[in-house]
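J.: So Swiss-Prot says this about it:
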type    : residues : note
BINDING : Lys257   : ATP binding site
MOTIF   : 10-20    : motif ''HIGH' region'
MOTIF   : 254-258  : motif ''KMSKS' region'
Amino acid sequence: MTDVRVRFCPSPTGTPHVGLVRTALFNWAYARHTGGKLIFRIEDTDAARDSEESYAALLDAMNWLGLNWDEGVEVGGPHEPYRQSQRSDIYQDVLKKLIDAGEVYPAYSTAEEVEERHRAAGRDPKLGYDNYDRTLTEDEITAFEAEGRKPVWRLRMPEQDWKWNDLVRGEVEFKSFTQPDFVVARSNGQPLYTLVNPVDDALMEITHVLRGEDLLPSTPRQIALYEALKRIGVAKQTPVFGHLPFVMGEGNKKLSKRDPQSDLFQHRTNGIIPEGMLNYLGLLGWSLSADQDIFTVEEFVANFDIADVLGNPARFDQKKLEAINADHIRLLPAGEFEERLRAHLSEFTDFPEDYPAEKFSFAAELVQTRIKTLAEGYDLLKFLVTADEDLVLDEKAAKKNLKEAAIEPLDAGINALEAVAEWTTPNIEAALTRALIEELGLKPRVAYGALRVAISGAAVSPPLFESMELLGRESTLTRLRAARAATPYQAAE
C-alpha cells in the first residue's frame, strides 16, 4: 500500500475558523493513524486578501492544538517552497506543458458573447461557458488576436459522466453537461487556484484529499485535471477524495466566519483548553462510540478512520463544547491545571501575576472541579484580589441572601470569627458550625448563604471556609461587617 500523504492548505485570510481547524484535525489524525505524513502548505495567491498576520494566526492555531506537520511551511521538506506565492515558476512550467500537449486551449469569448449564443439557441443565458472556443480555426484565432483580445486558458473536459467513490459519501456522480471546460489561467497568463491546487497535490504526491463539503462540486474538474497532469508526466496518481460534512451554526445555517462561535481564538480567550477543543471538533462528524463522548487525543488517533466520518451536517453546540472542556479540565493533573490556569489568567485577565504561589495553588485546587472553562476560574477567584472597598455585590444574589433574616447569621458569624485564634480552614469551619448550625439551629444553606455573598459578592464561590482562609482574617471580617451594615439589602436606585 502507498504511504498516506494528506495535506492542509488554508489561505491566510482572517482568523482561524473552527470548520477549517476541524479539517486540519481530521487530516492530522488520519496521517497519524495510518503512519503517513501531513503536509502543511499555504495558498497565498490572493494578494488583496492574504496577510502575514493571518499566516501567523494559522501557525499559532496549529501549534496551540498540537497539530504538528511533517513537511511544509516553517519545517521544510523535499517539495519546497510550501507557499503558493513562491511557486509561480513551477505553475508556469506546468501550464506550458499543458498548452503544448493540447490539454488546455485559448478561449477568447466574452461573457456577453456566451450569453448571446445561449439566447440564440433558446437556452438559459446563465448556463455558463458553452465550450465554443474548443474548435476555433487558426483564422478565427488570428482575427481575435488582431482585435487585441487576450485569451484565458481552459482545460478540455472529457464528455463523460463523473463518478468516484468518496471516502465519506460513497459513490458520487456528476453528469457531463454540468461540467463545462473551465479556466485554469487568466488572460495575463497567471494560473488560477483551479490549476495550482491540483498541481501542488500532484507534485507533493498527495494520496488523500480530505476537505470540506463545499468543494465537492469542483471534484470532477480536479479529477479531469489530474488525468491531464498524468498524461504530461506531472502527476503519478489521482488522489482519493473525502468530503467532510458542513459545520452548522444557529438556526441550522452553515457556520460562517461572522458567527462568534466560529472564531477559534475566541474560544481560547474564553478558556477552552486544547484537549477540550480537539475532543469536541473530533465529534463534528465522527464518534468513538455511541456511549463515549470523552476521549484523549491519543484515543482519537488510535481509532480514527476517515471511512467512519458521517456525511450529515454537524451542528456546533457551545454548551456541549464547554461540558466536554470541563471533563478535560478535571482530567488534568493538579499541577498542570494550576499552570494552565495561571497562564490563562496572566494572558487574558487582570489577575495579579504576583499573587502568592502557595495561595494560588490552594485556590486552583478549589476550582478545578467547579469550572467548565479557564475563564470561569477567573470569575470564581477574582474576589480574592479585589480590594475590600471595591467589592461589588451581585444584585440578584444580595437581594436573595441579604434579607432581614440574614442579620442573625451575619452577627453570629462575625462574633465567632473574631474569636478564631489561628486562621485556618478547620478552625473557621468549627467556629461557624458551632455558632450557626449548633447554637442557632440554622440549615447550612441558610446559615452560609449570606456569608458567601458577603465575602465573594456572588451566590457561587469556591468552598466558603477555604475561601475565608485564602481571603485572610482582616478582609473576611471587613466584608462581613460591610454586608451586615447593608442588610437588609436595598438595590441602588
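Glycine is no exception: its Cβ is also placed from the backbone N, Cα and C atoms.
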J.: State the non-local partners of the motif ''KMSKS' region' (254-258) in its own chain: residues 6+ outside its ends, Cβ under 8 Å from one of its Cβ atoms.
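T.: Non-local partners: 14-15, 17-19, 246-248, 313, 316.
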J.: What residues, ordered by sequence, lie under 8 A Cβ-to-Cβ from Lys257 (ATP binding site) and sit at least six positions away in the same chain?
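T.: Looking at Cβ-Cβ distances below 8 Å from Lys257 (ATP binding site), excluding near sequence neighbours, one finds Gly14, Thr15, His17, Asp263.
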J.: Considering every residue in the motif ''HIGH' region' (10-20), what is the mean pLDDT value?
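T.: On average, pLDDT over the motif ''HIGH' region' (10-20) sits at 94.
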J.: For the motif ''HIGH' region' (10-20), give the DSSP counts of helix residues, strand residues and coil residues.
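T.: Here the numbers are 3 helix, 1 strand, 7 coil.
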J.: Using DSSP, what's the helix, strand and coil tally for the motif ''KMSKS' region' (254-258)?
T.: 0 helix, 1 strand, 4 coil
